[in-house]
């Protein structure tokens with residue numbers, strides 16, 4: 001399989017996304033984006049058991065330190081972020097060090113935030129090992145940790161030096177996490193590319209069988225969609241990048257109310273996508289057939305299309321206001337005018353939203 005490359009260029013800071021097989025064995029590739037002689041690999045207990053030793057071997061001629069997190073969203077906290085910084089300082093890492101995030105979205109987010117803050121900013125490389133991280137979390141430079149009040153409330157924009165996607169890491173990904181990652185691919189299609197959405201409908205059976213040929217193509221397309229949006233609006237100033245939050249205001253509220261880690265992020269995103277589509281239909285933006293197609297595709301993937309019965313409308317609405325997509329005390333929701341065409345809207349007031357959440 002030929003390795004595919006997607007080039008990102010944010011504020012004249014270009015970096016590549018590589019997508020292929022056996023990339024974790026490519027010494028030249030993995031050393032190419034390290035400018036100094038120090039690296040620290042951050043991973044979690046689950047991923048480290050599979051991939052840490054081979055990656056450490058690549059850097060055997062470097063000062064190579066490691067920090068291993070427990071596995072789970074509940075550990076994406078200021079406490080563990082501080083532990084990473086302490087390890088960097090205690091091992092005497094300098095400004096030319098490089099952090100390597102080996103893992104899923106939690107590892108990538110907390111490692112990137114540590115890199116953004118250590119000595120006012122050092123390099124880091126994303127090596128995402130979950131489908132969700134490969135198509136979304138590793139791309140675009142958003143780094144953060146969670147706070148009891150809300151998800152990703154504390155963080156920074158800090159672009160990686162490279163994103164290295166080894167498809168072989170998907171062989172060890174549990175089925176539930178693999179399917180959760182599909183939610184972000186569906187989201188990318190809904191935002192910008194109706195043809196891509198149709199392709200997903202036609203190829204989903206092969207994708208769920210982890211066919212690498214098809215997976216490489218859809219990961220590349222999802223990465224291109226995010227690349228184009230991030231290049232145009234790195235820090236959500238123009239509103240373009242806000243489109244990537246389709247379904248996420250609902251999703252983040254669901255995650256917080258259930259307790260981080262009870263639902264995977266992609267599972268909450270799936271329910272959020274359906275809520276956004278249903279609200280779009282209610283406001284006469286999205287036709288019923290398109291809404292049905294979204295629900296059918298997510299159901300085929302075995303992802304949730306309803307938010308949990310244990311959460312009531314008042315709780316969900318209150319939690320949504322702790323999201324970052326609030327401006328001038330109004331929720332800015334991402335809605336769909338069509339498959340492949342998302343828009344930012346502040347035209348949903350609390351009364352309408354509460355009625356929608358209570359009655360659908």
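From the backbone N, Cα and C atoms, a Cβ is placed for every residue, glycine too.
Together with 248, 265, Swiss-Prot lists one candidate of 184, 194, 337 for binding Zn(2+), that being 184.
By a simple count of nearby Cβ atoms, those within 10 Å, the most crowded of the binding-site residues 74, 130, 169, 172 is 130. Residue 184 (Zn(2+) binding site) is 12 Å away from residue 130 (NAD(+) binding site) when you measure Cα to Cα. Neighbouring residues of the recorded Zn(2+) site, listed in sequence order and excluding 184, 248, 265, comprise 132, 136, 137, 183, 187, 247, 251, 266, 268, 269, 272 (Cβ within 8 Å of the Cβ centroid). Separating the Cα atoms of residue 172 (NAD(+) binding site) and residue 265 (Zn(2+) binding site) is a whole-number distance of 19 Å.
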